[in-house]
Each structure stands twice: as C-alpha cells, then as structure tokens.
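I have placed the structure first, in the form of structure tokens, so that the comments after it can refer back to it.
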Amino acid sequence: MQLTLNIFCCLLSGFLCVNVATEKSFLKIKDNRSLPLVINTWSFTEANSAAWHVLNQKPSGNALDALVEGCATCERLQCDGTVGYGGSPDENGETTLDAMIMDGSNMNIGAVAGLRQIKDAINVARHVLEHTKHTLLVGDAASNFAEMMGFQRESLTTNKSIDILEAWRNNNCQPNYWLKVYPEPTERCGPYRPISLANSELRNYLSRYEYQIGRYNHDTIGMIVVGPGGQIYAGASTNGATHKIPGRVGDSPIPGAGAYADNEVGAAVATGDGDIMMRFLPALVAVEGLRAGRTPTEAAEVSMQRIVRHYRDFSGALVVVDRFGNYGAACVGMEKFPYSVVNGDATQKTRVEYTYCKRAMYL
C-alpha cells in the first residue's frame, strides 16, 4: 500500500512539474511575442514592405489584405523570375501560375494551379477563398473562373521567357524532368516514349534528383502574416519549375505543402523542390510540431529531416511562426537561406535574416 502511494505521489509530482514547466515555457514565449508580423521566404523585401504597409493602415488594415498585397507585389515585380508572369517557362514555352491562401481561423483555403493567361494569381486564389466552396481550381477552368470574377486574360510570355526556352532547346533540352523514356532525355529533346527501367540506362533513373534547386530556379514566395489580434494567414505564389513538363503542379498551391496556418498554434511556408516537398506536407508537419511544443526552429528542422532521410540531395527551406510571433527557419541543400521579416510597431522596417543550412539532417 505504501509503495503504491509513493508511486502515485511520484507520478503526481512529475505531472505537476511538467505542468509547471509547460506553464513557465508558455509564459516565456508569451512575454517575448512581437506582433503584428510579416515574414516571407527569400530576400523579397519589397513584397514584405508592401504587406507591412497594408497591415498598418488604420482602421482598414487586416492580415488578409496584407498577405495578398505582399504576394501580388512579388508577382508584379517578377521576383527573381520565379514568381509572376514571364518566368519559368514550361517545355512549350508557356508560363503558368500557382497560388494559395489559407485562413488560420477557420482552415478555409483558396488556391489555383496551372493558371493560364491571368497575371494576378494570388488575387484569383482570394476569389476562390471568398466566392466558392471549393479549395483548388486548376488550368483553363481556373482561368475561366478568373474571367467571371473580372480578371483579364493576357499573355504571360515575355522576351526573357522566349530567350530561356530557345537557350534550353539549343542545349538539347537540358536539364529536364523525364525518366525511363526514349530518345535518351539526358542527351536529346523529345517527344518521348516510355520504356521499361530494365532497358533504360541507370543514369537516366538517377538524374531525376540532379536538377539544381535554388533562388533563381524552382523558387516561391511563401508569406505569413499575423495580425495584432492573432489572426494568421499563410500563402504562396510561384510560376513553378523552369522547363517543367506541361501540366506539372508543385507544392505551392497544395495545403500543408506550400503553406499551412492554424490560429491555435501558428503557420509555416515552404520553398524548394516542390515535387519532393509535396510528398511530405512539410508545412503541416511543422505546424503540428508547434502544437507538440517545439519552437519554430525545431519544428522546421524536424520537418526538413523527414525529407532528407529519403532524398539526400534535396534542396528546400521552411519558415515557421508561432501564434505569439516567435519565428525560425531551417534549410538544406544550400549554404544559407535568407528570409524577410518585420514585426512590432508600425515604425519598424523590413530586414533580411539568414539561417545557415545543414547539408544533411538525420534523426
């Protein structure tokens, strides 16, 4: 009986200690909060400043307007050629756009993928969020929806995107995303036909993950806005992977992959090799890491670790924010990863911070 009582007391004591520690940790985080906040992937400072300006407008400034304006600014500026019109042409030379917005208060999402001939992808995503019961619209049908909402069709091709296509074709269509096809895709352009792995060269199979990912290719603006009252929106906009096979969609418009938000805990946005990232839902994993008690940096690192265990040459990054305004990032496959952030009172200015990447992060 005494032994049972001692065990019970120890368990109770341990429970109380855990609760006290958790409460202290909670208070520590809460004391350090700095809201409102705008944070986004890469050194897209113009986008960050545009969102911050909208967020601090009185009395009408709100987190959704800020997020949309921030991403729309990057679309207009064609940030690094990887966001907006005129960049990342597919194999046919066409630029298509992907975008998503997630509302952390109710988990509603508006997204578009493979959007053709419409420049304002993030605004079309907002119309999906606000004027439909759907989550994601794709391709020409998404463009038709945009027209009904008042957007104008126009060419997304520019002289630069034409030059990119011509240079690629003159280089025997290298690099590309084909596997197990003939003619040999590492040597020649298509059209291609399928062959079995047994009859293909091994290097054709391995080359799938040799395509270099970085700031000027396969990039995205992912943005998180936390309003002064704790309202969280997360979103993303991109023109996808350069020389992609027509019809390809990456992680940016996929909930939990390109972005995820939950007012109860925080949000995360991703950038990098979307074909791989969407298989692991890294933004969702990071947010659930926050729910489990991890710091933003820890949550980002654990999410990246899951991917690297399967794809050692993977390149990508995550930015994570908890609901109190604490933030962090993690990256792999690059030397360092920049992100833009501003928080606190309206007088604060956008700054660029860096996280240094780990070549491999294994559990």
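Keep in mind that glycine also has a Cβ here, set from the backbone N, Cα and C atoms.
As the structure is a computational prediction, the values presented were derived from the model and not from experiment.
What TrEMBL lists as active site, nucleophile is Thr220. For Thr220 (active site, nucleophile), the Cβ neighbour count at a 10 Å cut-off comes to 33, with all displayed protein chains included.
TrEMBL lists Arg248, Val249, Gly250, Asp251, Thr271, Gly272, Asp273, Gly274 with the feature substrate binding site. For Gly250 (substrate binding site), the number of other Cβ atoms no farther than 10 Å from its own Cβ, over all displayed protein chains, is 26.
Per TrEMBL, signal peptide is recorded for 1-22.
Non-local contacts of Arg248 (substrate binding site) by the CB criterion (under 8 A, 6+ apart in sequence, same chain) comprise Asp90, Tyr177, Gly240, Ala241, Asp275.
Checked against Thr220 (active site, nucleophile), the binding-site residues Val249, Gly250, Asp251, Gly272, Asp273 differ in C-alpha distance, with Gly272 being the nearest.
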